[in-house]
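The next block holds one structure in the form of structure tokens; read it before the comments.
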Amino acid sequence: MSTSAKTQSAPDQFFSASLAEADPEIAAAIAGELGRQRHEIELIASENIVSRAVLEAQGSVMTNKYAEGYPGHRYYGGCEFVDVAENLAIDRAKKLFGAGFANVQPNSGSQMNQAVFLALLQPGDTFMGLDLAAGGHLTHGATVNMSGKWFKPVHYTVRREDGIIDMDEVAKIAEANKPKLIIAGGSAYSRAWDFKRFREIADSVGAYFMVDMAHFAGLVAGGVHASPVPHAHVCTTTTHKSLRGPRGGLILCNDEALAKKFNSAIFPGLQGGPLMHVIAAKAVAFKEALQPDFKVYAKNVVENAKALAETLRGHGFDIVSGGTDNHLMLVDLRPKALKGNVSEKALVRAGITCNKNGIPFDPEKPFVTSGIRLGTPAATTRGFGVAEFQQVGGMIAEVLNAIAQSSDGQAPLVEAAIRQRVKELTDRFPIYS
């Protein structure tokens, strides 16, 4: 072979070799993950299943492009096509949520929330959020998080008797601490939020009002959850979870001056070049969420969550707050003398994926917990309805009741039988076939 032919073969192979040819180890891991998603029931509330179109956009050549700045104002040339993608994402996000301004560049939920803090707070400023132990989020002032280290968080919580936020108590805490920012939203709160009352409380103490709707944004987009956009100074959301897009963040507001602050906080404040392949995928997901069938999906997510919660209650399980108004629920396992970590592992062995989760006023450590969190978006996306979620609730009850009677937190025969039933159920609702 000539020297010329040899020098040409390397780039030819670089551009033509499949993943399986170039890196069989990673290809095998991806194939394994696809198999897991196909044959397990996904009940982690923060997870979903994206469309093939979203996957295609995220795996596109836009991953090659650097585009520091914003559309029309980049620090690099050659941005005409990524500008098209970002402008489409911005316009679709604004239309989807009825907002005047949108920043689609945050790489994650944590970074979108950090950007709001950077724009509105100074180090040491006081802000309020829902306590992590009551269903809040790390970025809302947990001591281990930047938000809890750089700022002064004060937290509201839920009532012991019913697991619901006491708005009168929120008002008292705000009046006593005069926070500069009040946050509504969390990662494990299953009830509706009173955005109007939160804004009134924020106004009464001169605070900004922020809603982190990362978990329920898809329900807002689908019209089955009240929108915080008319009430909040700023709304943040991840673009995955119930919104069913790629992993990333989004900032929404209706005030141009604030929008400029948030833009500056993202770039150059926190990030450099945005992930243009992810922004393209966000645009695709927002277009999907603007279609009529997304409203059907959102309605089904809530109906399925209520069905799952009621089924578990019927099997003697305690649901924190007594039920759910959205896509998720917390199961209090203490009446069954079970721990969250043991229950999570048993359900995974049975083909049902969920996560251990602290419950309000949980006496257990975070890696043990007294509860599990369940959510319905992913299984709803693959086609499960109320009947299927009633079956799933029964399967969960069988596994948990079996391990409650065992000495080592395992019930191999029951787990194996349920795993076979899970496979039969998931085979009826294939993904990426």
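Glycine is treated like the rest: Cβ placed from N, Cα and C.
Listed features, source Swiss-Prot:
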- L132, G136, H137, L138: (6S)-5,6,7,8-tetrahydrofolate binding site (BINDING)
- H240: site 'Plays an important role in substrate specificity' (SITE)
- K241: N6-(pyridoxal phosphate)lysine (MOD_RES)
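Spatially close to H137 ((6S)-5,6,7,8-tetrahydrofolate binding site) yet at least six residues away along the chain are G129, L130, G185, G186, S187, D212, A214, judged by Cβ distances under 8 angstroms. The Cβ of L138 ((6S)-5,6,7,8-tetrahydrofolate binding site) lies under 8 Å from the Cβ of S110, L132, V144, N145, S147, each on the same chain and at least six residues away in sequence.
For L132 ((6S)-5,6,7,8-tetrahydrofolate binding site), the number of other Cβ atoms no farther than 10 Å from its own Cβ, over all displayed protein chains, is 25. For G136 ((6S)-5,6,7,8-tetrahydrofolate binding site), applying a Cβ distance below 8 Å and a minimum sequence separation of six or more within one chain yields G129, L130, A142, H155, G186, S187, Y189. Of the listed recorded positions, namely H240, K241, the sparsest Cβ surroundings within 10 Å are found at H240. Each of G129, L130, D131, T139, H140, G141, A142, N145, G186, S187 belongs to the same chain as L132, G136, H137, L138, is absent from that list, and has a C-beta within 8 angstroms of the C-beta centroid marking the (6S)-5,6,7,8-tetrahydrofolate site. According to DSSP, L132 ((6S)-5,6,7,8-tetrahydrofolate binding site) sits within a helical segment.
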